[in-house]
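Residues or ranges marked as active site, proton donor by Swiss-Prot: E141. Positions annotated as disulfide bond by Swiss-Prot: C30-C45, C39-C51, C44-C58, C62-C66, C97-C159, C170-C178, C277-C309. What Swiss-Prot records for 28-68 is domain 'Chitin-binding type-1'. The signal peptide annotation in Swiss-Prot covers 1-27 and rests on experimental evidence.
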Amino acid sequence: MKKNRMMMMIWSVGVVWMLLLVGGSYGEQCGRQAGGALCPGGNCCSQFGWCGSTTDYCGPGCQSQCGGPSPAPTDLSALISRSTFDQMLKHRNDGACPAKGFYTYDAFIAAAKAYPSFGNTGDTATRKREIAAFLGQTSHETTGGWATAPDGPYAWGYCFVRERNPSTYCSATPQFPCAPGQQYYGRGPIQISWNYNYGQCGRAIGVDLLNKPDLVATDSVISFKSALWFWMTAQSPKPSSHDVITSRWTPSSADVAARRLPGYGTVTNIINGGLECGRGQDSRVQDRIGFFKRYCDLLGVGYGNNLDCYSQTPFGNSLLLSDLVTSQ
């Protein structure tokens, strides 16, 4: 009798343990079996929709985060040295560049500390690719290069800090009213424009940019922060550039139908899709890709997939940014 009771207890404990295991497994399903969900902790999602970090999960058929859990966060300077930064933006301090002396390595590193996920998400290759993508897109926005420029057109990023041929860019909004005498034209690496964007950005980084928009063109740390704010911030229906380039964004069925897939091309769509995407071959898109490829090569990382947006439907026609290339 005692033996039977003991066997029943062992059997009951075993059943409960199995149920706990099954229940825990169901809580960690991912991929197409779970509506595109990502695994917690950066773990791989296997072809069958389960989370883990071994070859069974991260190997052939892996659906997402296939590099496994991210390494511990590190200072950005461990991924991009001062000398590499100077090589990437080789002619930014050329005498012909109005931004000479403004965009410094130290300002870039200091600004990035306000956004600890930037360059710190995913495996080392993903982190480097994000840095290349950010500098590639912003180099296009501030380029001073031309087809036959010394060292090629993609060595002339960060030549400008202010938009050429600027306008006022003031739209009457009660939440972010234009300050008297101020203009909200494109400034900084991402060429942020319009009063409501200066207002949102200033609120996020703790600076009164509505009343002092020119801080984006006179304080190099604030200037980089403005670009990183845009990069890291989702503005519905657009995801953040950060989430797209690090594959944390899962496209909806509407995105897939619009050919908006994870990759550098969708970042271009976020930034200036209304003018550049869905138009077939476009020299502006090619320019963005040229910078990106050069920077990936210097960082020793692959380009990833979906580099252009030639066949993508734009997210929308409202523009956050003022593109230097189109304003010439």
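Every residue gets a Cβ built from N, Cα and C, even glycine.
The disulfide-bonded residues near C58 (disulfide bond), taking a 10 angstroms Cα-Cα threshold over the set C39, C66, C170, C277, C309, are C66. When the disulfide-bonded residues C45, C170, C178 are compared by Cα distance to C309 (disulfide bond), the shortest distance belongs to C45. Here the disulfide-bonded residues are C30, C44, C62, C309; the one with the fewest Cβ atoms within 10 Å of its Cβ is C62.
C170 (disulfide bond) sits 21 Å from E141 (active site, proton donor), taking the CA atoms of both as reference points. Of the disulfide-bonded residues C45, C58, C66, C170, C178, C45 has the largest number of other Cβ atoms within 10 Å of its own Cβ. For the disulfide-bonded residues C30, C45, C97, C277, a Cα-Cα cutoff of 10 angstroms around C51 (disulfide bond) retains C30, C45. Put simply, E141 is the one of the recorded positions C45, C62, E141, C178, C277 whose Cα lies nearest to the Cα of C97 (disulfide bond). Residue density at C97 (disulfide bond): 21 other Cβ atoms are found within 10 A of its Cβ, drawing on all protein chains shown. If you measure from the Cα atom of C30 (disulfide bond) to that of C178 (disulfide bond), you get 46 Å. Calculated from their C-alpha atoms, the gap between C277 (disulfide bond) and C39 (disulfide bond) amounts to 32 Å. The shortest Cα-Cα distance between E141 (active site, proton donor) and any of the disulfide-bonded residues C44, C66, C159 is the one to C159.
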